[in-house]
Amino acid sequence: MKNLGQLRSLSTFLHTAKNLTEFSAFTNHSKNPIFLPHRTIPPPTGQDSDFINIAHSHLIHSEWDKLDKLASALSLFRIKHILLKTRKDYVLSLEFFNWIGLKNPNLNTLEVTSIILHILTRNPLIYSYRMCESSPRVFDLLFKTHAHMKKFRNASDCFRWMKEYGFFPTIESCNAYLSSLSSLNRPDILLAFYKEICRCRITPNVYTVNMVMGAYSKLGKLDMAIELFKEMESMGLACNVVSYNTLIAGYCAKGLVASGMKIKNAMDKNGAPPNDVTYNTLIHGLCMEGRLHEASKLLREMKSVGVNPTTVTYNVLIGGYGENGNSGMALQLFDEMSVSGVKADILTYNAVIMGLCKEGKTRKAAYMVRELDREKLVPNSSTFAALITGQCTKNNGERAFEIYKSMVRSGCHPNRATFDILLSTFVKNEDYEGAVGILREMVKRAIAPDFDELSSLFDGLCRCGKEDLVMDMRNEMESRQVMPEEVKHPPIDIIGITRFRIAGFEAYHAFDSFLEYFMTMEVCAYFAYRPRLMRTS
C-alpha cells in the first residue's frame, strides 16, 4: 500500500509526461537529439530464466495464490525482467508492482519504481532506455517529482545518472530541488547544489539566484548575497521584487535597516515596486530594534501607496509593542485590524495576550482567550506560555503551574523559556517543593535548566537542610544528560577562610569543623553553589 500511495503521489508526473507537447520529438529514436549509450541488464539464464517464465505465466493468468508461493525467491534481477516481459500490459505491470510492495517493499527500489513509471508513460529510465523506448524528458520529470516530494536521495541519484549519460535536468527542475532544500532550512546543501548547477553549465534564472541569495543571507554571508545581486545584470537577469525583498531581509537580519530602506526606496524606479513582504520585512527589522514609532510610520506609508497591510503586518507590529510594554497600542492596532477587514489569527491573539501578561494584566488576557472560542481558534503552546508568564509576573506560582498542567493536557509542549520562568517564580517565592516539581518535569523532558535558577534552587534546598534531595536531583540530571555546562567545573573559594558563618548557622566553627561539614555539602560545590560564607570580626 505504501508503494501504491507513492504512485498516486506521482500522478502529476505521469499526467505531465503524457501531455508534453514536445514529447513526440523524443519517442522516435531517429529524432532523439541526445545520444545515450546502449545499456541493458543481462539476459536471464538457468534458474532465473525458469523462475521468470513461471512467474510470468502465473501473472498473466492471475494465479496470485501460486505467485504468493514464489515471493520468497524474488530478487531485483528477476523483478526487472518480469516487468519488462509485461511492459505491453501496463495494468498487469502495475498490479505486479503493487503486489511486490505488499510482499517485500524493500525490493521496490528506485530502479524498479523508475521502470514501472516508464511503462506507465511508455518511457523508461536509464537502464531500460533502449528496451522500452525512453525519453530524456522523463528523467527530468522524475527528478523534479522526487525534488517536490523531498526524496533527496532519489533525486540526487537521478541527477547523477543523468549527468553520467551526458544530459541534465532543466533549470525549472533544479529550482524545485533548491526550493525543497530551502523549505527544510538547509542553505549549506542548497549552495553546494548551486555550484553543481554552475559546473554543469545549466543556466540559472532569476528564481534560482533569488534562492541562492536567500541561502547566503541565512548563513550570514550578506556580502556574497550582495555580490550575486550585482552580478544579475551581467547574467542577463532582471531583478524582480523577490530579489529586492531577499536582499532587504538580509540587511535587516544584520541590523542594517537603514540600508534596507535605501533598497526599498530604489525599487520603484527600477521597475519593481515594493509589496507587502517588503514593508513587513522592514517593519519587523524596526521592531527588533525597538524603533516602533518608525515602524508605525512605515505602516501609514504602506497604506498611502496602496499596499494593503496583511495579518503578518499587524502581527509584527502588535508583537513589537507588546514586547516593549505598550499593550495599549497593541490593542489599538488589534481593533484597527477589525475595522480594516484584516482577519486576526492565533499569532495575533498570542501577541496581544503576551503583551498584556507581561504587564500583569491577566484579566484582560483571559478575556482575549475567551475570544479565541468565538473565533474558532485553538490555543497553542505560545498562548499557554503567555498566560503562565502573566501569572509568574504576579508571583502567582500555583496558578501558573495549574495553567502548565492544562497546557500539557491540551497536548501542547512547553519550552525551556516557559520552564525557566516557572522555576524562577517558585524559587523567588521560596516554594522549593514546587520548584523541585518543575525541575523534575524539565528533567523528564530532557530540558536543561538555567544555571542561575538551578544554583538558587539548590542554595535554598541546602539552607533548608535537604542536601540528600539535592544529591538525588544531581544524579537524576546526570543520568538524563541535562546538566548545565556551567556546573561541570564549579569554582569554590575556601582559601584563607578561618572564621566564618554558614547560612543557617549562627555559631562559629573552627576550620576543621567546616571541612567536615563541607564534605556533606560536596553536591553543592558540584552545582557551583557557594555556601554563604560570611567573614566575622
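Yeah, the Cβs are placed from backbone N, Cα and C, and that goes for glycine too.
As recorded in TrEMBL:
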REPEAT    205-239  repeat 'PPR'
REPEAT    240-274  repeat 'PPR'
REPEAT    275-309  repeat 'PPR'
REPEAT    310-344  repeat 'PPR'
DOMAIN    329-474  domain 'PROP1-like PPR'
REPEAT    345-379  repeat 'PPR'
REPEAT    380-414  repeat 'PPR'
REPEAT    415-449  repeat 'PPR'
REPEAT    450-484  repeat 'PPR'
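Sequence-distant contacts of the repeat 'PPR' (205-239) (same chain, at least 6 residues past either end, Cβ-Cβ under 8 Å): 171, 174-175, 178-179, 182, 185, 187-188, 190-191, 194, 197, 246-247, 249-251, 253-254, 270-272.
If you look at the repeat 'PPR' (240-274), the same-chain residues 6 or more away from its ends with a CB under 8 A from one of its CBs are 206-207, 209-210, 213-214, 216-217, 220, 222, 225-226, 229, 232, 281-282, 284-286, 288-289, 291, 305, 307.
For the domain 'PROP1-like PPR' (329-474), DSSP puts the residue distribution at 111 helix, 0 strand, 35 coil.
Residues 241, 244-245, 248-249, 251-252, 255, 257, 260-261, 264, 267, 316-317, 319-321, 323-324, 326, 329, 340, 342 of the same chain sit 6 or more residues outside the repeat 'PPR' (275-309) yet have a Cβ under 8 Å from a Cβ within it.
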